[in-house]
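Asks: Look at TrEMBL and you will find 263-316 tagged as coiled coil. Feature annotation from TrEMBL assigns compositional bias 'Polar residues' to 726-737. The domain 'CSC1/OSCA1-like N-terminal transmembrane' annotation in TrEMBL covers 36-197. Look at TrEMBL and you will find 218-367 tagged as domain 'CSC1/OSCA1-like cytosolic'. As annotated by TrEMBL, domain 'CSC1/OSCA1-like 7TM region' applies to 379-646. Under the heading region 'Disordered', TrEMBL lists 713-737. Among the features that TrEMBL reports, transmembrane segment is placed at 36-57, 127-148, 176-195, 380-404, 440-459, 471-491, 519-543, 564-583, 589-606, 627-648, 654-672.
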């Protein structure tokens, strides 16, 4: 019998097996496509419902303290009257005026009303819109047809989007050079936009510092690790001696800080008593009963006694022995302030440590009591805690990917096969449910990270938020991006990746190309549902309703004012941008979803910035270097992925051609650090001197210095207002130095 001969029965078996495999592949493609469509339908439906509910509730005067909190706080009159009870049919019709208003708001208005930090936040969304809109047009017109027609045979992949991705291109095809060209375009266009944004925000920062010439932090430095005065054995006089000697032409005065823990406890007790008195007065007026008068009088006597005790403790003679090695030092010019803050004051660099003071409203006073030499230990402990939190989240993320991979789920958990008994349920479970569960788990991460950042000893809220923003971003990159890839495609080969590190680009590329479905649903859930819930604020709605109908019944409602939570929003937006950049060449069909994501986010947060969030500190654009870094990380990760993909597609020449592009990206990032970053970390002597000259011209020198002298008095030493008329405890013995 010839070797090439096969019995008819064997040939038929091979054909039948091939047919079954093709049918199985087509069925899996259908299920994958159905999962994506179901996820999109659910998210669109939820978004429309939530946004319609928001548009309806926003028009009700009862909810004005939630949806117009900023306007109430600033005393604007163009908000619904919360005491107005008249009914009109128009109030029951949802409107979308807030979307059109978002288009009309200009950058100049945002900068003037909210500050440069908020403008940088808005520019992040604008960057995403510009970047992904252009990439979408090129990708859909060039890459999408190329990918769809790139396979030599029928597409039997088990991934629904593979027909539109680079996975459908045949191995060794010259079409891959088009993908390389698009990679160069995406990288260069991204760097062009980044440079343009960095330069623009750089100019705006210098101008913003000039516009804020009257702010006290421009005349004040923070000094730490102040040694004892050998003559008087206290630190206060040592500050005056040191700066009078070494900065005689610009030194003005100082404010030494004290350990005010005991005072803080007394002040908390005073606030608690004041709240009880207000509640009893409200209850007495509501029920028109005089039986509360005796209790109110007793509490008022206790409050006056507590006020006298606070005044006694505030006396300098009492707290002088509790000096901290920390002081705010004021200078008569910005030039002198900058020279003192940015130079080494002592031969021993661990003594007389100076830096520019944060804004008075930005200071975290209790953290100033932490010894400077202990701060590295605090930071190490927080880093370890954040790393452990990242590791602990491996379990839920892996479980979520197990749901997304239904075939794996049936193997690990056989009862899951019951999902097939209900028509359409499998598409919901594998399409919408994984991204919804993942977003639910990840939602608590920013709050955990900001809690850790509070323990790190940062002296200002802005530094605390920036640190939390950084930790959340890298947590999301590690857990949501890389771990989703590993648990979805490479979990069984993880050991091989560590034993063969040179294969990591290839394995990463293989994982990226197979997880496009999941990240489409993730972006849809994070964008449509996430942004819709952000604008509705359901948690605050429930809290306000519960409070109004229970312990605060009948009281006047106060606005719920909060600052913009950069640490919660910026990392999630940066993660979606990273996903979009990595998939720009791999799966261009993902790009239009990113355009919609950034458009909706822009409209939502313009509304929140205008009506809800207040500005609690201003760093003059310090968030942009972090955002720039996140985008550079995304571009480099895209290039590493494409090196692996070109290798998998048997195109080594294209892989090697990506390496110079990566080098150019790294050099571009280093240039931006040299060109722009120093201005964000320090203030130049030239700018300080120019602003001093403007003060002389406008005759504002003495007024600005006087404001700076009064701005940094510790809260525990400020005049005490107990809210009681006629009490003698409203004036402290101690006045600021």
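Each residue, glycine too, has its Cβ placed from N, Cα and C.
Caution: TrEMBL annotation is automatic and unverified by curators.
What you are looking at is a predicted structure, and each value in this text was computed from that prediction instead of being measured.
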Asks: May I ask which of the stretches 36-57, 564-583, 627-648 has the most CB pairs under 8 A with the transmembrane segment (176-195)?
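Replies: Stretch with maximum Cβ contacts: 627-648.
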Asks: Are the transmembrane segment (519-543) and the transmembrane segment (589-606) near each other by the rule of at least 3 C-beta pairs under 8 angstroms (pairs 6 or more apart)?
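Replies: These two stretches do touch.
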Asks: Of the stretches 440-459, 564-583, 654-672, which racks up the most C-beta pairs under 8 Å with the transmembrane segment (519-543)?
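Replies: Against the transmembrane segment (519-543), the leading stretch is 564-583.
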Asks: Would you mind splitting the domain 'CSC1/OSCA1-like cytosolic' (218-367) into helix, strand and coil residue counts from DSSP?
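Replies: Each residue of the domain 'CSC1/OSCA1-like cytosolic' (218-367) counted once, the result is 83 helix, 27 strand, 40 coil.
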Asks: Sort out the residues at least 6 away from either end of the transmembrane segment (440-459), same chain, that have Cβ-Cβ distances under 8 Å to it, and list them.
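Replies: Beyond its ends, the transmembrane segment (440-459) has Cβ neighbours at 222, 358, 363-364, 367-368, 370, 374-375, 378-379, 381-382, 385-386, 389, 393, 396-397, 400, 465, 467-468, 471-472, 475-476, 479-480, 565, 567-568, 571.
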Asks: Calculate the per-residue pLDDT averaged over the coiled coil (263-316) and state the result as an integer.
Replies: 71
